[in-house]
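Quick look at what Swiss-Prot annotates:
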- Cys106: active site, nucleophile (ACT_SITE)
- His126: active site (ACT_SITE)
- Lys130: SUMO cross-link (CROSSLNK)
- Cys46: S-palmitoyl cysteine (LIPID)
- Cys53: S-palmitoyl cysteine (LIPID)
- Cys106: S-palmitoyl cysteine (LIPID)
- Cys106: S-palmitoyl cysteine (LIPID)
- Tyr67: phosphotyrosine (MOD_RES)
- Cys106: cysteine sulfinic acid (-SO2H) (MOD_RES)
- Cys106: cysteine sulfinic acid (-SO2H) (MOD_RES)
- Lys148: N6-acetyllysine (MOD_RES)
- Lys182: N6-succinyllysine (MOD_RES)
Amino acid sequence: MAGKRALVILAKGAEEMETVIPVDVMRRAGIAVTVAGLAGKEPVQCSREVMICPDSSLEDAHKQGPYDVVLLPGGLLGAQNLSESPAVKEVLKDQEGRKGLIAAICAGPTALLAHGIAYGSTVTTHPGAKDKMMAGDHYKYSEARVQKDGNVITSRGPGTSFEFALTIVEELMGAEVAAQVKAPLILKD
């Protein structure tokens, strides 16, 4: 199962934990993760003023695809920036078209709505993004901490970041690898 690749799209205002925890957990599982800056390779200021340095620009990272999963962190401003980006739309449409995994957390799923991705799926979001996500009846809503429906994995917020990341690992690498990664993290069951 070696050779799995992930693309995490980092926009100004992204939620730090929802970015770093999935990146860390996926890398622990042996997934090659590229953190791509929406606005280029310059450091990105996140929602709590933490700066994260992308590995690549989104433009360059997209050329290096395809990826096994494309992940969208949350954060209100971050999700808004993802939602307004034609480049994000192109990446998501490509991923959906090839039936690749798409993962989004917190307010991140609102970018799926903005770009017309995975209509008809059951999703979850941060409670504060629920009304926006459900406008137009394009999705079914779940209160689950992590929701998987077909090739779409969504989650609720910073406190669900580990579960979200481990669900992605299990999907890409299998339950055994997910369990091996989880054990030393000392997570509460």
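Each residue, glycine too, has its Cβ placed from N, Cα and C.
The structure, with features from Swiss-Prot marked on it.
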residue	record	Cβ contacts under 8 Å, 6 or more apart
Cys46	S-palmitoyl cysteine	Lys12, Gly13, Ala14, Glu15, Glu16, Thr19, Ile52, Gly75, Gly78
Cys53	S-palmitoyl cysteine	Lys41, Pro43, Val44
Tyr67	phosphotyrosine	Arg5, Ala6, Leu7, Thr34, Gln95, Gly100
Cys106	active site, nucleophile	Glu15, Glu18, Pro73, Gly74, Gly75, Ala79, Thr125, His126, Ala129, Ser155, Arg156, Gly157, Pro158
Lys130	SUMO cross-link	Tyr141
Lys148	N6-acetyllysine	Thr167, Glu171
Lys182	N6-succinyllysine	Leu166
Please report the DSSP secondary structure of Cys106 (active site, nucleophile), reduced to three states.
coil
Other CB atoms, at most 10 A from the CB of His126 (active site):
24
